[in-house]
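Engineer: Here TrEMBL flags 34-51, 63-84, 96-120, 141-166, 178-196, 217-241, 261-288 as transmembrane segment.
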Amino acid sequence: MVLAEASARCLSRGCGPASALHWGEVLTAWKFDPAMLAALLLGVAGYALGVRRYQREVGRWPVSRSICFTVSVILFTLSTMSFIGDYEKVLFWDRALQNGLLLMTTPLFLACSAPLTLVTSGEGRGARLARRIIASRPMRLLTFPATVSLLLLVTPYALYFTGWYLSSLTNSFVDETSHLELLAVGFLYFWSRIQIDPAPKQYTHMISVWISFIEGVGDAGVSIVLWLGGGLVAGGYYASFSTLPHAVLYAPLRLGATSGLAWNQAVGGAVFWIVGDLTSIPLLAALWRGLHREETAAASSVQEDLEVAEIEYAPGDGSAQERYRPWWQNDPRFTNRSTGPV
């Protein structure tokens, strides 16, 4: 009865939609969320001011990073204030789509926009403080590959299989903070893996490539449990809507309108899985690009070692000639080895 009353209050106060979700509502259903709008505007203003200061003090800011930030803003807006945010408390699959976008896709593009580079650039007090925080021991521990990967893997399990999920449905404060917590966890992970921004410690991108493949299995585990596990997550809450004229809300876009809660949860598990797989495409592209930069830098360093310039004087005329010799001909450890009898 308590859950039924909670769901009734949710709908009557406008935290849920007043009609079933059809294709028309996908484009027209929007939700005004003051807290998320304030966070969004604060982030946009901070990024814009950071870019302006960077261009004034350092130099040109890459357009690609601004594009990535714009994509992250669009994704955050869609996740919290489009039909996804409007139906987040009445459709399980819709909430799964929102959680996937906030935990994985949005923070990936945010990390690619390099916001911490803007914060740490310059010699101001704020920039120095930010650099000290990033270089601190707690941040090194938190961004260690095993630590941050475990944090990303555990978060969806904690969300769905503890009381966190139900609390986010029935408590507006928990709901709003959960959005930001998912975004923060995702950003922490992608920041430390892509390493476009200054990081506490630089790791080779090959480690991140292998971690990404391993994590694909862990991410799929949550979806499989939601899909085939048999138990309902927050089933009592969603079942309480059956006492209201919104039973059709269980149906994702008219698919399986009478299939009920289990169908919604199965679709939600599949949606969460698909979002993760789609996010892995730009992630792997960013990692391979970083790996290419590492290999290019390493090849350049080896080339410099192998081509040591040495000035030699030709006999007779005393003129100077420049000649490049392999490094082992100048290394005393190997010079004597080549002078023995043939």
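Using the three backbone atoms N, Cα and C, a Cβ is placed for every residue, glycine included.
Would you situate these features in the structure and describe their surroundings?
Structural biologist: Residues of the same chain lying 6 or more positions beyond the ends of the transmembrane segment (34-51) and with a Cβ under 8 Å from any Cβ of it are 61, 66, 69, 73, 76-77, 80-81, 85, 113, 115, 118-119, 176, 179-180.
Here the transmembrane segment (96-120) has long-range neighbours at 46-47, 50-51, 53-54, 65-66, 68-69, 71-72, 75-76, 78-80, 84-85, 88, 126-127, 130-131, 134, 152, 155-156, 159, 179, 182-187, 189-191, 194, 196-198, 226, 267-269, 271-272, 275-276, 278-279, 282-283, 286, meaning same-chain residues at least 6 beyond its ends whose C-beta is under 8 angstroms from one of its own.
Beyond the ends of the transmembrane segment (141-166), by six or more residues, the same chain brings 99, 103, 174, 178, 182, 185-186, 188-189, 191-193, 199-201, 203, 207-208, 211, 214-215, 218-219, 221-222, 225-226, 233-234, 237, 272 to within a C-beta distance below 8 angstroms of the stretch.
Long-range neighbours of the transmembrane segment (178-196) within the same chain, counting only residues 6 or more positions beyond its ends whose Cβ lies under 8 Å from a Cβ of the stretch, are 36, 39, 65, 76, 79-80, 98-99, 102-104, 106-108, 110-112, 114, 116-117, 142-143, 145, 148-149, 151-152, 155, 159, 164, 168, 202-203, 205, 208, 211-212, 283, 286-287, 290.
Note on the transmembrane segment (261-288): residues 91-97, 99-101, 104-105, 108-109, 112, 156, 190, 193-194, 196, 205, 208-209, 212, 216, 219-220, 222-228, 232-233, 235, 238-239, 250-252, 255 of its chain, located 6 or more positions outside it, place their CB under 8 angstroms from a CB of the stretch.
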